[in-house]
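Participant: Would you mind keeping the following structure in view while I ask a few things?
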């Protein structure tokens, strides 16, 4: 997001003015540059490697090409551009203690920075809304959000992000009017992101606070729905254990179906944990920076510049966390293993929808057993029965179980 008044550089190198030996000071300064260079290089590698792996997996394996994963691809693209075009130049700015790429690239680089941050955060918000509809309206979800609609939503996210970034920056609407900012704008080696209050507040609202409010509301609804589902399962378990033993013996599938339903609903715990990780990481990485971003334009001297830039980099690191958070599913893990040549041929791998043929294409195992990809519901939190088809004994609805007794109503593409 740029660096305001970066006269004292982020994570300052040791100051040798008080050291008795200038040679020792130089060595410490060089060691600092090398150490920070290694750390920043690792951050760049983590961002690029993780997001390239996500994009490649979704593009290569049909099993992963779901509506939700369209949004994951958009998120990974934003994070990948961040790792390729933003973080390396930011690292150079810090390590060299000056900007060496000229005024034009300074503003263009800043625009890309704001674009990627905004697109990444707003895509997270869209994913939250996607999960909300998948959980609250599972049997209408596929008609509510088709792949074409998902493409339109992604396009709108990038348009809004572009309007927030390139337009005001390239038109110089963001510029402050005090003398220090004017001097920086005119200097080729200065790329400190001085902004006026209107732009700082408006961009923070669009890029962070509004998506955060939406995410908090959506995920609170998700937790409410999940809690009701768990209560429903508890009630159905009580009815199940109250059944007459002879009735269970007459219908041997009843007990097996109930156990399958209960096991299926244990996925809620994993999904709730994932939602907590998503919210916690998102908030921890970006909330401190955007608070400081508002405070900084209101009271310039209150927040040290080093703190501002450090928090900005904590936000950058979020781009490396996203692949880990959103790719916890078995489908992604198997895809990653196959891409990295780490997967051994096994029945388990085939059972998860990946073949071991020469061209490494994925063959969804369900196609051979009546559980087609197109018939799946893109939700893993579901414990509800279709309207009007609820089993009084708490079993999985018959229309969601294939001929081999497997549940075909969900997919592990996200949670």
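Cβ coordinates are placed from backbone N, Cα and C, and glycine is handled just like the others.
Reproduced below are the annotations present in Swiss-Prot:
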DISULFID  106-191  disulfide bond
DISULFID  184-190  disulfide bond
TOPO_DOM  1-34  topological domain 'Extracellular'
TOPO_DOM  59-71  topological domain 'Cytoplasmic'
TOPO_DOM  96-106  topological domain 'Extracellular'
TOPO_DOM  130-150  topological domain 'Cytoplasmic'
TOPO_DOM  175-196  topological domain 'Extracellular'
TOPO_DOM  221-274  topological domain 'Cytoplasmic'
TOPO_DOM  299-305  topological domain 'Extracellular'
TOPO_DOM  330-415  topological domain 'Cytoplasmic'
TRANSMEM  35-58  transmembrane segment
TRANSMEM  72-95  transmembrane segment
TRANSMEM  107-129  transmembrane segment
TRANSMEM  151-174  transmembrane segment
TRANSMEM  197-220  transmembrane segment
TRANSMEM  275-298  transmembrane segment
TRANSMEM  306-329  transmembrane segment
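Thinking about packing and proximity, how do these listed features fit into the structure?
Facilitator: Reduced to three states, the DSSP call for residue 191 (disulfide bond) is coil.
Within 10 Å of the C-beta of residue 190 (disulfide bond) there are 20 other C-beta atoms, taking all protein chains into account.
The DSSP breakdown of the topological domain 'Cytoplasmic' (130-150), given as helix, strand and coil counts, is 15 helix, 0 strand, 6 coil.
Predicted-model confidence for the topological domain 'Cytoplasmic' (221-274) is 59, expressed as mean pLDDT.
Sequence-distant contacts of the transmembrane segment (107-129), counting only residues of its own chain at least 6 positions beyond either end whose CB sits under 8 Å from a CB of the stretch, comprise 1-2, 68, 71-72, 74-75, 78-79, 81-82, 85-86, 89-90, 101, 153-154, 157-158, 160-162, 164-166, 169-170, 191, 193, 203, 206-208, 211, 214-215, 218-219, 278, 282, 286, 315, 318-319, 322, 326, 414.
If you look at the transmembrane segment (151-174), the same-chain residues 6 or more away from its ends with a CB under 8 A from one of its CBs are 70-71, 74, 107, 110-115, 118-119, 122-123, 126, 195-196, 199, 203, 206-207.
Distant neighbours of the transmembrane segment (197-220): 114, 117-118, 121-122, 124-125, 128-129, 131-132, 160, 164, 168, 173-174, 275, 278-279, 282-283, 286-287, 290, 293-294, 296-298; these residues of the same chain sit at least 6 beyond its ends, with a Cβ under 8 Å from one of its Cβ atoms.
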Participant: Helix, strand or coil at residue 106 (disulfide bond), per DSSP?
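Facilitator: Note: residue 106 (disulfide bond) is helical by DSSP.
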Participant: Measure from the CA atom of residue 106 (disulfide bond) to the CA atom of residue 190 (disulfide bond) and give the result in Å, rounded to a whole number.
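Facilitator: Here the two Cα atoms lie 8 Å apart.
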Participant: Sorry to bug you, but what's the C-alpha spacing from residue 184 (disulfide bond) to residue 191 (disulfide bond), rounded to the closest Å?
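Facilitator: Their Cα atoms are separated by 7 Å.
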